[in-house]
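Please read the structure below before turning to the comments.
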Amino acid sequence: MCIWGRRVRTVFQVGGRRGVGGPMAPRAKSPRLVLLFSGKRKSGKDFVTDELRSRLGTDMCAVLRLSGPLKEQYAQEHGLDFQRLLDASSYKEAFRQDMIRWGEEKRKVDPGFFCRKVVEGVPQPVWLVSDARRMSDIQWFQSSFGDVTQLVRVVASEESRQQRGWVFTAGVDDAESECGLDHYGAFDWVIENHGEDQKLGQQLGKLVDFIHSKLQPSVCEDQAERS
């Protein structure tokens, strides 16, 4: 385990949790690196992934939101405004519980349904999945993309989350969509986002350095280019 700054860590594990079963993804445009971000509501997952994209550039990385295809299909089936379901509005919150229920029904039939939808046609080499919520999400990406998959947990104190507008909501904050990964202990990275910009920036800088290191050509690739 390596500590950066204060309490934020990166843990690399080999074997054990990789290659878990599940539907395979289309391999036409395999990514060089997949980072699955998880965390509680208002922990700052979207902010962190958007900040990483701004540092890396849109040619290099794409932010993928599993909630995107879920909300799009839900809006189509229920005659709702898809664009308004995408933002952090009271409109979305009014339908959140029913979307959770509807999404769980879809996943029971096909656990990889939304995962396959969100990766279709993504050309960038780095994928930042901003809202992994369940073990089935982790299992699908690990099974489909193997060791290029890294797990990132974004944590924030309740006080910080409340300052961002979080209020406990029964049926939402105690549902699997919020609690499914609470006790998962094998995250590769933990990012603390308590509202201290400098410390967050340092942590993101370390993660950006790691991403760049994974994009360096391998010895085999160098040899292939020379031949």
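The backbone N, Cα and C atoms fix where each Cβ goes, and this holds for glycine too.
What TrEMBL records for Lys40, Arg41, Lys42, Ser43, Gly44, Lys45, Asp46, Arg164, His194, Gln203 is ATP binding site. Shown in sequence order, Arg65, Ser130, Asp131 are the residues of the chain, 6+ apart in sequence, with a C-beta less than 8 angstroms from the C-beta of Asp46 (ATP binding site).
Long-range neighbours of Asn193 (substrate binding site) (same chain, six or more residues apart, CB within less than 8 Å of its CB): Ser43, Gly44, Phe47, Val48, Val154, Val155, Ala156, Ser160, Leu200. Summarising the annotation, TrEMBL assigns substrate binding site to Asn193.
Listed in sequence order, Ala156, Ser157, Ser160 are the same-chain residues six or more apart from His194 (ATP binding site) with CB atoms under 8 A from its CB.
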